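Q: Structure in C-alpha cells, see below.
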Amino acid sequence: MSGYDNRDDYRHSSSSSHHRSRNSKHDSSSSSYRSHGYAPTRRRSRSPSSYHSSSRSHRDHTTDPYPNGSGHDRRHDRDRNRERDRRDHDSPIEAAPSPDGRRFHVEGAPRQGGRRRWDEGAPTPPTAAAPVHVSDPTRSSLNTQLPSRPIVAPPGMAPGPPPSLPSSTPIVPSTGISISPEEQAKLAKKARLEAWRKEQAAKKALEEARQRARSIASAVAPSSQRTESFSSSSTPQTAPTSINAAGLRTLSLRTDPSRTTAQNRSRTMMDDASESSKRIHLSRLGDLPPLDPSIDTAHIATTSVDAEDDDHQLGVAPPTQGSSAAAMDVDDDDEEEDPLDAFMLTVKSQVAQVNDDDRRKASASGGHERTQAKSKAVVLGRDDSDGEAEDQYEELDELDRVGMATEDLLALAAKKVKKKDLVTVDHSAIDYEPFNKAFYHPPAEIQDMSEELANQIRLEMDAITVRGRDCPKPLTKWSHCGLPASCLDVIKRLGYSAPTPIQSQAMPAIMSGRDIIGVAKTGSGKTMAFLLPMFRHIKDQRPVEPSEGPVGIIMTPTRELAVQIYREMRPFIKALGLRAACVYGGAPISEQIAEMKKTADIVVATPGRLIDLLTANSGRVTNLYRVTYLVLDEADRMFDMGFEPQVMKILNNIRPDRQTVLFSATFPKQMESLARKVLKNKPLEITVGGRSVVAAEIEQIVEVRSEDTKFHRLLEILGELYNREKDARTLIFVDRQEAADDLLKDLIRKGYVTMSLHGGKDQVDRDETISDFKAGNVPIVTATSVAARGLDVKQLKLVINYDVPNHMEDYVHRAGRTGRAGQKGTCITFITPEQDRYARDIIAALKASAAHVPPELEAMAASFKEKLAAGKAKAAGSGFGGKGLDRFELDREKTLKAQKSAYGEADDDAKAAAAGDSSEDKAKTGAPPGASSSEDQLSKIQGMKIEIMQGAAPESVRDNKTLSASQEASAAAAAAAAARSKAEPEQELKEAAQLKAQEAALEAAKAHGADTTKLAAVLENIRRQANARKEAAKNSELDKHKDRKARDPDATDYHAIVPINDFPQRARWRVTNKETMRHLIESTGASITNKGVFYKEGTEPQPGEPPKLQLLIESNTKSMVEDAVREIQRLLVEATQAVLEAEARNPGTTGRYTVV
C-alpha cells in the first residue's frame, strides 16, 4: 500500500469520527484512548503489546519502506489507522466506503452486498470477538440511562440500534489490559457522584420554584445572584388531560423564565442553557428552601439530549443512577473537591433550620415582618435589590388572589400605570457627607453699621420687613457678596448695576446658611436672589461624579418658568464650569435621562417630571443623596396646583439638614403654615413691598361691562395701542383653554397676528409661541393663568384680563407680567355683573397698590355683600388650600369611569340612577327596595370570578357551545347539588356533635342507675343510618367519576375558566399566542385550552353558538390550576397596563402607526 493511499484512508476515517463525535458529544472514547497512552498525534515509540490486535493486520507494517526519514511519518500514519480501527470496533454503525473501495463494518458482523435500511436493526456483535478496547466509564454509564436516539450519519451509512446493556452500573468489558482497584473505585465513585448530582438538581428545580423560595432568598441573601437550575425531564405519569403528554414532553423553552411569578410545582423541568452556564461561576449559593424528602427520584426520567450537550460543554459528566452520595467529593478531571458540591452536602440542615425559623416567625407575627421590610429605608439609587423585592412582594400579594374579577384586574393595571412612588428614606441610617452653607462674611462697612441704620436702609428699599431672629444686615454692592471673580464679571456684562431690594436682604441671609421665605413683587429680581448664593454653595463642594445626583434643585410650577430660570443661569454656569439640566413634562423623557446621566450640578425641574426621573429604571437615573440646596420658586403655587403631595415626597427624601429657600410674589396666610413644614434651619421671612401687591409702575384699569361688549372693547384697545406703538406686545388672559382658542380665532378673523398658550398644547408649540412672542414675530398671545407666573417678555406693554381672575394672588401675578424691571405697563380687567363675587378681591388688590377703585366696582362689591348676608350667594374661594388634591381625585375617578365604560361596566352614577328607578318600580309593586338591583349586581360580579372547580370541565365548555335556557337550568341544578354536597360535611359535623351529646346523656343516665336500653337502641339506629348515608354518598360520587372517566378519558379532577373576552386586544393576544401558551403549560404543568370566540361589546352568544372568548385550565392537581390562573392574571394586568400607557402617551390615536 502506498503512503498516499494510506493518508487518504486516514482522512476518511477522521471525517467519519468527526461525524460521530458531533452526534454524540459524550463519546469520550478518544479521551479514554489518550489516557491509556494511545494518542496518535504524539510522535514517540510505543510497545506493540500495548495495542490491541486489529482485524486488518495487512495494514500493520513493521518495516519502514521509505528511506530518508519518511519512516517516521509512516509510523505516525499507522498509529492513526489503529485509532480508526478502534473507533470502528466501538461504533455500532457501518461506515461508508473509503476512497479505495473498501467498506468498514461492525467487527464480527457478516459483510452485506447491499445497504441496510434505516428500519433494520444492526446485527448483534458476537460474544467471543477480538479483545474489546476499554471505553470511558462515563460513556458506559450514559448508555445505561440515555434513551436511544437516531444518529445523523453521512450519506451511504445506515445505522442500527445500539447494543443494549443489561446493567445500570458501569460495565468494563474484558480486555487485555487489567484495571487497578484504585481506578475501579474511582469509576464507581464517579458514577455515584453523577447520580447524586442528578437527584439534587431535580430536587432543587422543584423546590426553588415554590412560593417561599423568593422570600427566603431575598431575606437571607438579597444581593446574591439567584440561580435556578432547570433540567429537561419527563412529567410523571398522571391522569391524561386534553393535551397529549408526549407532545408536551417535546416542547422545550429556550428562554429565561425568571419573570414568571407562578410557582413551578409541576415535575416538568426546563433545560435552560443560560442558567446552566451560570453554575460554573458560583462559589456559594444563598440559603435554599427545604428539600422535600417525599420526592421519589424513580419517577424522574433520564436527561434529554439537550441536557447532555450542555453538560458536555460545561465539562460536567451526565448524571448516572447510583447509590448514596455520602462520599461524593471527586471531581471529573483532577479529583479536587467542587465547592458547589461541598456546599450542597452541608446545606440540608441549614435550609431546614432557616425554613423552620421563617415559618415560626410568620405564624407568630402574622406577616408583620413583611410590613417592616416594606417600611425600611433605602437610599434612592443606591441599592435597588430591596426595592425589587418589595415590588415582588406587592405583586405577589395582589396577584395571589386567584378569584379576581375582570374589573379588579383592570383597576390593578391602571394602578400600576400611575404608580410612581418614591421609597421613604431613613435618614438616620445614612452617613451623609458634611457640607458648609455659611459663607457670608460681611465687610467692615456692613459689620459696623448700626441696627437703626440698617432699618432705615430697609425702609428706603421698598419697605423691607423681616420676621425672624438675627437677620443679617442688607448689602448695597455686589462686591459685598463674596462671589467669585468670574461671577462678578458676568454680572457686570449683564448690566446689573446694584442689587435690588429683595437681593440686598435675601442674599446675605441665604449665604449665612438660613432658610428663608422671600416675598417680593413681580419683576424684582427674585431669580438672581437664589441663583447667586447657589453658585457659591455648589463651588464649595467636591465635583459631582458619575451616578451621583445634583447638589442644587430648583422646582417650579410651570414649564415656561423652568426654561426661563435655566436660560438666566446659563451665562453663570458657563463661566463657573458647572453643568445644569432643565427637565419638565411634555418633552421626551429619554433625552432628559441622557442629560441626567452625564451628571448635573443643578437641576431645574417641575415636580412631576422630577419624580419620573427619580423612579425611572428603579432609581438608577439620578438620586437625591447629594442635594443640599433646594429652591421652590413660586412656592405658593407649588402647594396649590396639585403639586403638594409630589413636593412633599421629594422633600422627604432629601437630607434634613439641607438649605431650603422659598420665593414668590404672593404668599397668603393660609399657605404659610403649610410651607413652614419644609423650613428647618432658623427660617426667616423677608417681604418687600407687601405680600400681594402690584408694582407701582403698572397702571391698573378695571371696567365693568356685559359679556357681549367685551370683544368690541378689546378690539378698540388693541387698535389704540398698535396705532400708537407698533412694537408693543399684548398678553390676554382667559379662564379656560377653549376660550383661549376661540378668542384666537376671532382675533385672526379681524386681522391680528395671534397665538395661544395653555396647558393643552404640546410643549414644542408652547416653546415656539414664547420664542415668537419674545422676538416680536407674534405681538398678541391669548393665554390661561399658566403664563401668569415667571414669564418675562420685554416690550410687554399691555395685559388684558378678558376673564376676571378668581382670586387676588392670580390678579397680582397676571398684572405683574408687564412693568418689568422698572418699566411702565398697563393692566386692564373686564368684569361682568354676574362675576360680582370676585369684586372684593380686585378692590383689595387695587387698594394695596394705591390704585383707583371705580365706583361701579365698589357698588358691585356692596351688592354682593348684601347677597352674602341674606344667604343668596356664596363667597368666592381664596384660590389656595390644596385644590390640586381634589383635582387628582377627580382625574382618577374620570379614568375609572372611562375604563368601566370601555369594558361594559356601568359607572356609579348610572348604577345609582338604575337603583333609584328600580326602587321606584318596587315601591309600586311592593317589593323591597334595592333587592333586585343588588342581586343582579352580585350575580354579575360572581359570574366574573375565576373559581377553581373540582371535577371535570362541563361538556358544554369542552364542546365549545353555549347552553340554552333549559340546559342552563339543569346546570344550575347540578351546581346546587354540588353546593349541597359541599355543605354535607358541616351537616355531618353537626350530627356527630349531637350524637356525642346524646352519648354523654346516656352515660349520665347510666351513672344515676336509670334504664338506658331504649335510649341506647335509638342511638345505635341513628349511628347506623348516618354511616349508611355517608357510604351511599361516597358510592354515588365514585360512580359519577367512573362514569365520566369511561365516557371521557381526558377528564381531570380540577378545572377553571378564565374569561378574557372583555380585555383589550393586546391583552387577549398576550395570553393566547403560541409562545405564551407553551410557556404556561410547561411552567405550571396544567392543560390550557383556548375556548370560544370574540364577541363585541353588547353582543351575547346565542344557544348552540360558541361562548365568549375564554381559557379552560385543567389538571389533576389543584395547585397547578391555581398557578396557571395566577400567571394568566399577571399577564392580563401587564398587557392592559401597556395599553393604558400607550393611550396616555398618544391620546386619540387609533391606528397602528403614530406621527413622530
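Placement of Cβ uses the backbone N, Cα and C atoms for every residue, glycine included.
Not my notes, these are from Swiss-Prot:
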COMPBIAS  1-12  compositional bias 'Basic and acidic residues'
REGION    1-177  region 'Disordered'
COMPBIAS  71-92  compositional bias 'Basic and acidic residues'
COMPBIAS  137-147  compositional bias 'Polar residues'
COMPBIAS  152-165  compositional bias 'Pro residues'
COMPBIAS  166-175  compositional bias 'Low complexity'
REGION    216-337  region 'Disordered'
COMPBIAS  222-242  compositional bias 'Low complexity'
COMPBIAS  252-267  compositional bias 'Polar residues'
REGION    351-390  region 'Disordered'
COMPBIAS  356-372  compositional bias 'Basic and acidic residues'
MOTIF     476-504  motif 'Q motif'
BINDING   Ala520, Lys521, Thr522, Gly523, Ser524, Gly525, Lys526, Thr527  ATP binding site
MOTIF     633-636  motif 'DEAD box'
REGION    900-937  region 'Disordered'
REGION    1028-1049  region 'Disordered'
Q: Looking only at DSSP and grouping its letters into three states, which state does Gly523 (ATP binding site) belong to?
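A: Its secondary structure by DSSP: coil.
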Q: Would you pick out, from the binding-site residues Gly523, Gly525, the residue whose Cβ has the largest number of other Cβ atoms within 10 Å?
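A: By the 10 Å Cβ neighbour count, Gly523 comes out on top.
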Q: Which of these binding-site residues has the least crowded Cβ, counting other Cβ atoms within 10 Å: Lys521, Lys526?
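A: Relative to the other binding-site residues in Lys521, Lys526, Lys526 has the fewest Cβ atoms within 10 Å.
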Q: Can you list the residues of the same chain, besides Ala520, Lys521, Thr522, Gly523, Ser524, Gly525, Lys526, Thr527, whose Cβ falls within 8 Å of the ATP site's Cβ centroid?
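A: After dropping the recorded site residues, what remains is Thr500, Ile502, Ala665.
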Q: Report the same-chain neighbours of Thr522 (ATP binding site): residues 6+ apart in sequence with Cβ closer than 8 Å to its Cβ, ordered by sequence.
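A: The list for Thr522 (ATP binding site) reads Ala665, Ala695, Val812, His813, Ala815, Gly816, Arg817, Gly819, Arg820, given in order along the sequence.
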Q: Name, in the order they occur in the sequence, the residues of the same chain whose CB lies under 8 A from the CB of Ser524 (ATP binding site) and which sit 6 or more residues away.
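A: Non-local contacts for Ser524 (ATP binding site): Thr500, Pro501, Ile502, Ala665, Val688, Gly689, Ala695.
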Q: If you run through the motif 'DEAD box' (633-636) with DSSP, how many residues end up as helix, strand and coil?
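A: So the counts come to 2 helix, 1 strand, 1 coil.
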Q: Per DSSP, how many helix, strand and coil residues does the motif 'Q motif' (476-504) have?
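A: The breakdown for the motif 'Q motif' (476-504) reads 18 helix, 0 strand, 11 coil.
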Q: These are the binding-site residues: Ala520, Thr527. Which one scores highest on other Cβ atoms within 10 Å?
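A: Checking each of Ala520, Thr527, the winner is Ala520.
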Q: Over the motif 'Q motif' (476-504), what is the model's average pLDDT?
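A: When the pLDDT values over the motif 'Q motif' (476-504) are averaged, the result is 89.
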